[in-house]
Each structure stands twice: as C-alpha cells, then as structure tokens.
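**Q** Sequence annotations record features per position, and here TrEMBL assigns ATP binding site to D6, C7, G8, N9, S10, F11, I12, K13, T125. Positions annotated as substrate binding site by TrEMBL: Y93, G100, L101, D102, R103, T181. Marked as active site, proton acceptor by TrEMBL: D102. The feature K(+) binding site is assigned by TrEMBL to D122.
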Amino acid sequence: MILELDCGNSFIKWRVLGADVRIVVAEGVVDSDLALLQGLKQLDGLALKRCRLVSVRTGDETSALITLLTDAFGVSVTCAAPAREMSGVRNGYEDYEKLGLDRWLAMLGGFHLAGGPCLVLDFGTAVTADFIAADGEHIGGFICPGMPLMRNQLRTHTRRIRYGDVAAERALESLVPGRTTVEAVERGCSLMLQGFVLTQLQLAHSYWGGGFTVFLTGGDADLVRGVVPAARVVPDLVFVGLAMACPLP
Ligand SMILES: Nc1ncnc2c1ncn2[C@@H]1O[C@H](COP(=O)(O)OP(=O)(O)O)[C@@H](O)[C@H]1O
Ligand SMILES: CC(C)(COP(=O)(O)O)[C@@H](O)C(=O)NCCC(=O)O
Ligand SMILES: [K+]
C-alpha cells in the first residue's frame with residue numbers, strides 16, 4: 001500500500017492506494033500531523049510500504065512529518081522536488097525552484113490529462129492560476145488570497161465582522177446581495193473568486209481561442225464551478241502529478 005500526502009498551508013490531504021495502485025483504499029483531509037497519524041492508525045489492515053508526498057510547508061515542518069511517519073509505520077518516504085522540465089512541461093519561473101510544488105504537480109497532472117493547452121486553477125489557502133501552452137511551456141501564473149485568507153482578513157481587520165462556520169455555509173446557498181454581515185462577506189468573497197476566474201478565462205481565450213482545457217482543484221473549487229461549466233473539476237489533480245513526479249518501483 002502507498003500513502004500519498006499533499007501538505008498545503010491549511011490542510012493535509014491524504015490517501016492510501018491499494019496493492020493495485022488504481023484503487024484508493026482510504027482518503028481524508030486533516031488539519032495536523034497528529035490527526036493524520038490518528039486517522040491512519042484507525043484503518044483496518046493498513047500495510048504501508050511507501051509514502052510519497054508534496055509539501056509547501058517549511059523544510060522543518062516537512063522533516064518533522066516524515067520522522068513521524070517513518071517512526072509510526074516504517075515507510076520509506078519520497079518527496080516531490082522542483083524540476084526545470086518534466087513529462088513534457090517546462091517550468092516557466094525565472095528561478096524554477098521557487099514555483100510552489102503543489103502548483104507544479106497540478107500542472108503536470110493537468111497537461112497530462114488535457115494533452116494540450118490548459119489553465120489550472122487551484123482554490124486553497126491561496127488561489128493560483130497557471131497557464132500551460134500546447135508545447136508544454138508554462139507561460140506563468142497568478143497567486144492571490146483564497147477564501148480562508150479573504151474572510152480572515154476581514155474578521156481580523158474590522159471590529160464588527162464576526163460570524164460562525166455554520167452561518168457561513170448557509171450564506172452561500174445563494175449569491176444575491178447579502179442582507180446580513182455573514183451573507184455580505186461570504187457572497188462578496190465568492191464573487192471575487194468568480195471574477196478572478198472569469199479574468200483568467202479571458203486571458204486563456206486571448207492565447208488559445210476556444211481550444212483549451214480548464215482544471216479546477218483545491219478545497220474551495222466548488223465555489224466557482226458555476227462560472228465555468230465546461231471545466232474539469234479534478235479534486236486529486238495534485239496527486240495525479242505526484243504519481244508522475246515520484247514513480248514508485
Ligand atoms: N473536507 C474538507 N476539509 C477541509 N477543508 C475543506 C474541505 N472541503 C472544502 N474545504 C475548504 O477548502 C479550503 C482549503 O483548501 P485546500 O486545498 O485544502 O487548501 P491548502 O492546500 O492551502 O491547505 C478551506 O477553505 C475549506 O473551507
Ligand atoms: C502559492 C502557494 C502559497 C499555494 O499554497 P496553498 O494555497 O495550496 O496552500 C504555494 O504554492 C507556495 O507557497 N508557492 C511558492 C511561491 C510561488 O509559487 O511563487
Ligand atoms: K494546495
């Protein structure tokens with residue numbers, strides 16, 4: 001069995017692949033290393049051989065997690081590393097090592113699945129957009145605050161914006177102008193994300209006309225899928241790229 005991890009700034013996404021790696025035996029989203037260990041230990045018949053992971057956390061945080069995993073399960077761990085070029089995709093950053101590894105893997109996965117020009121949009125703590133041309137050239141991308149950052153900035157820097165998670169979820173059942181604070185903020189931030197997406201689509205059109213694929217991934221992808229009905233929503237896009245970057249024997 002193989003353990004796969006995508007360590008983002010807010011959450012660790014995990015899954016366990018079976019002896020047949022096409023089969024996902026278990027998966028989850030956790031907010032700490034400890035919660036990951038607990039979740040894994042609860043699984044019946046877990047027999048991990050290897051682990052592959054991608055992390056956008058600090059080297060220290062990633063090392064601490066690797067130590068926990070090797071101590072607990074005796075697995076050998078492989079980490080995705082930056083590359084100038086892989087699987088036909090060329091990293092477009094001036095300094096290729098600075099490109100976020102989750103972005104890089106989502107790009108590898110996207111280009112592989114699309115087999116042509118694509119726009120990869122990831123809605124996590126940050127929102128990212130990356131453009132990959134027909135020849136695999138990464139044209140570049142954009143980074144802006146995601147839903148958790150936008151709403152927390154409003155909560156932190158104002159005195160009268162306060163509300164709970166349940167109200168937040170209910171507020172997003174519609175996007176008409178809000179009549180309560182929670183509706184106004186949650187819908188306002190959602191519309192910011194949708195506006196961002198529409199701008200990215202325009203740019204992609206200016207590069208490639210109609211012939212490109214849009215990928216949506218990340219925990220908040222559902223907030224924008226309505227404005228891009230033709231997009232492919234691929235929650236495990238980073239894992240698709242992870243398997244390409246870290247093939248296991
Ligand atoms: N099952 C889930 N567990 C945690 N967060 C989720 C889940 N589904 C959607 N989300 C939303 O996803 C966002 C985090 O997205 P994610 O891609 O995990 O971020 P990151 O990679 O930066 O940690 C949060 O705003 C959260 O509300
Ligand atoms: C842009 C990101 C913060 C996104 O992280 P996430 O929201 O997935 O946790 C991450 O990819 C990152 O730290 N990138 C390094 C900076 C860059 O890509 O230019
Ligand atoms: K991410």
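Cβ coordinates are placed from backbone N, Cα and C, and glycine is handled just like the others.
TrEMBL annotations: computationally assigned, not manually curated.
Tell me what's around each of these sites.
**A** Secondary structure at I12 (ATP binding site), taken from DSSP and collapsed to helix, strand or coil, is strand. Around I12 (ATP binding site), taking its Cβ as the centre, 21 other Cβ atoms fall within 10 Å, counting all chains.
Taken residue by residue with DSSP, R103 (substrate binding site) is part of a helix. A sphere of 10 angstroms centred on the C-beta of R103 (substrate binding site) encloses 23 other C-beta atoms.
When Cβ atoms from all protein chains are considered, those within 10 Å of D102 (substrate binding site) total 27, not counting its own.
Summarising the environment of D122 (K(+) binding site), the number of other Cβ atoms within 10 Å of its Cβ, over all protein chains shown, is 29.
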**Q** Report the binding-site residues (D6, D102, R103) that meet this criterion: Cβ distance to the nearest atom of ligand 2 under 6 Å. Use sequence order and write none if nothing qualifies.
**A** D102, R103
**Q** Given D6, G8, G100 as the binding-site residues, which ones have a Cβ positioned under 6 Å from some atom of ligand 1?
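**A** G8, in sequence order.
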**Q** Checking the binding-site residues Y93, D102, R103, D122, T181, which are within 10 Å of G8 (ATP binding site) at the Cα level?
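**A** Near G8 (ATP binding site) by Cα: D102.
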